[in-house]
Amino acid sequence: MSHRPLEDTIAQPVGTTLERYIMRTQSEFPYATGELSQLLRDIALAGKIVSREINRAGLAEVAGAFGQQNVQGEQQQKLDVVANIRFIRALTNGGQACAVLSEEEDGIVHTGNVQGKYVVAIDPLDGSSNIDVNVSIGTIFSIYRRVSPYGAPATEADFLQGGRRQIAAGYILYGSSTMLVYTTGHGVVGFTYESSLGEFFLSHPRMIIPETGSIFSCNEGNWHDYPEYVRDYLTRCKERRCSGRYVGSLVADYHRNLLVGGIYLYPPTQKNPDGKLRLLYESFPLAFVIEQAGGRAEAGPGRGRVMDLIPTHFHQRTPLFTGSYSLVDELLGMETT
Ligand code: AHG
Ligand code: MN
Ligand code: MN
């Protein structure tokens, strides 16, 4: 079977608003009850609010360290906190999510919507080291239908279902323009935000990653800590005169490669044998999107496809190699002795 994605079942014209798009394509959703549609609307709404906060960050003195650490011992930024609050609030008010797992929270955040059928895992602000330097950042989200009974609080098992159980996933990129990109398992669509109208408009009706590309994206500062097969692969890329492009915001690096073709690598290092990226709210959603766009996401030799992984804990990490199909294929073919 080809890994290239299937044709869209319902094509919509460029310029369609997100709202209209969601209404028209609702029947594509695995659970066409309108609830998932509402969840996507809630995420888009929080994205608009966060986009506004980011745009005024330099003026409103919201940039800079918050003076607290998150559960993983990292310095929290004010915008990390702001984005976390905005997304949780939107998902709480929307009523469809019974619980949220956030990078910024240790455990499950119960929204009080015990009848809600969905749970959402989220990296509210990705690329936080770039907040203060006016470089693109993002939000990443992943949606599951809960497995615990309706009416009761969500449980750990709702979030530990594994990549293949995602029913929707995507990201918001706060870049030169703000974009929402998502999949519900029927290809990948991209919307661009027009802030003066307060609307997302369909700008990328069918996102397909080129089969190959000439960009590699990784933190080469970690070169000496990379496994040999990764160094050999990067040497090959350089011999081919590929371009190195690394923003340091996963969403931005990933989005560029999705559009023009390339490979993103966050390999295991000596210090972090599982890499740095988080499985539930970074690697799973981006793996779902890239596969729906005809690309590939792997956790590295011997670890398999990211979508096949079954997590054991919330803030679990995984190495990530993702992007154009043939580039990831080539990496996996490297000698690992
Ligand atoms: P976050 O800001 O959500 O903690 O994520 C940061 C991640 C990711 O965005 C980026 O690709 C990666 O960290 C960069 O790590 P290095 O600085 O180690 O390259
Ligand atoms: Mn992140
Ligand atoms: Mn983050």
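The backbone N, Cα and C atoms fix where each Cβ goes, and this holds for glycine too.
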Further binder of substrate named by TrEMBL next to ASP126, GLY127, SER128, SER129, ASN219, TYR246, TYR264, LEU265, TYR266, taken from the candidates LYS117, LYS238, LYS276: LYS276
Residue from GLU19, GLU239, GLU282 that TrEMBL also lists as binding Mg(2+) 2 with ASP123, ASP126: GLU282
Same-site residue for Mg(2+) 1 (record: TrEMBL; known: ASP123, LEU125; options: GLU103, GLU156, GLU194): GLU103
Contacting binding-site residues, sequence order - LEU125, SER128, ASN219, TYR266 vs ligand 2, Cβ under 6 Å: none
Residues in the domain 'Fructose-1-6-bisphosphatase class 1 C-terminal' (209-332) grouped by DSSP into helix, strand and remaining coil: 54 helix, 19 strand, 51 coil
When distances run from the Cα of LEU125 (Mg(2+) 1 binding site) to each of the binding-site residues ASN219, TYR264, TYR266, GLU282, the nearest one: GLU282
Mean of the pLDDT scores, which run from 0 to 100, over the domain 'Fructose-1-6-bisphosphatase class 1 C-terminal' (209-332): 97
Between GLU103 (Mg(2+) 1 binding site) and SER128 (substrate binding site): CA-CA distance (Å): 12
Binding-site residues: TYR264, TYR266 - member with fewest neighbouring CB atoms within 10 Å: TYR266
Which of ASP126, GLU282, the listed binding-site residues, has fewest other Cβ atoms within 10 Å: GLU282
